[in-house]
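Following: one structure in structure tokens, then a few remarks.
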Amino acid sequence: MLIHTQKETLVHALSSAAKNDKIGFVPTMGALHKGHISLVNKALAENDLVVVSIFVNPTQFNNSADLQKYPRTPEDDISLLKRLKGDLIVYLPEVSGLYEDSIFAKKYNFGGLENEMEGKHRSGHFDGVGTIVNKLFRIVKPDAAYFGEKDFQQLQIVKKLVAIENLPVKIIGCAILREDNGLAMSSRNKRLSAKQIEEATIIYRTLNEVREKFSSTSIADLNTLVAERFLQNPHLELEYFEIANEKTLKTAKRKNEDLKYRAFIAVLADEVRLIDNMPLN
Ligand code: PAF
């Protein structure tokens, strides 16, 4: 496994790969968990060479405390990746290596996808994601890139990004990996206490309840049900719950049986923000 911290040496290493080699790419912000590893293993199975980037991208954080406290575990990340079998390159750039002297995000119009849910609650977040993913795609030039469905809105936005930027990358969404108690795997889980982990299982339980009741209950009643479940738990704050059209991500008020819906949720456990989602039909 090779590790590059400089864009130039990474580009050089990639340019010396065989011409027909398929390059898979897994962009991450580190603090790797089994969910990331499953993306890397899928990429390794489907490509000749895989690049994993580890970079906590400053422009996608709208809250500086969140950026500061984002878990950073590069040594653990590298030892996890070293255990994998296959042709793997790790790219660990510095902020200055990707942003030079201006740490700014490009302004994107993702056709409205950026204004829903996470976009409403994390101003400028998707401009930051679009900016960094575009930079990374232009450096790595992957054939395929792998993203987890936990960040379902991000996945849809990255699909739109490659169309806008005209990049020849196949975007592959991968199912959410969960802990045994149902909690969606996330780097942010590392910041939760054992008690908070236990309490946070309400997220998965509630999403499951919504899925089970979806065909027989109105969206308005499901919204009320979720609000009530969270009122019973004083340690978790429900930031939003929405049932949205899976394609447009627009909030659904009524069901249309020709459309696909997904439930999306964001919850605060003290200052740790957890998101999750689940297909409903
Ligand atoms: O999902 C993430 O970890 C990040 O948003 C990404 C895609 C690596 C961009 O910084």
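Heads up, residue numbers simply count up from 1 along the chain you see.
Positions of Cβ are set from backbone N, Cα and C atoms, glycine also.
According to TrEMBL, the feature active site, proton donor maps to His36. According to TrEMBL, the feature ATP binding site maps to 29-36, 148-151, Leu177, 185-188. Feature annotation from TrEMBL assigns beta-alanine binding site to Gln60. Taken from TrEMBL, the feature (R)-pantoate binding site applies to Gln60, Gln154.
Listed recorded positions: Leu32, Gly35, His36, Glu149, Leu177, Ser187. Those with a CB atom under 6 Å from ligand 1: none.
In sequence order, Ala105, Gly124, His125, Phe126, Gly128, Val129, Ile132 constitute the residues six or more apart from the residue listed as 'beta-alanine binding site' in its chain with CB-CB distances below 8 Å. Using a 10 Å Cβ-Cβ cutoff, the residue listed as 'active site, proton donor' registers 24 neighbours. For the binding-site residues shown (Gln154, Ser187), fewest C-beta neighbours within 10 angstroms: Ser187. In this structure the alpha carbons, written CA, of Gln154 ((R)-pantoate binding site) and Leu32 (ATP binding site) are 18 Å apart. The most crowded of the binding-site residues listed here (Met29, Leu32, Leu177) is Leu32, judged by how many other CB atoms sit within 10 Å of its own CB. Counting only residues at least six positions away in the same chain, the Cβ atoms of Leu155, Gly173, Cys174, Ala175, Ile176, Asn277 sit under 8 Å from the Cβ of Glu149 (ATP binding site).
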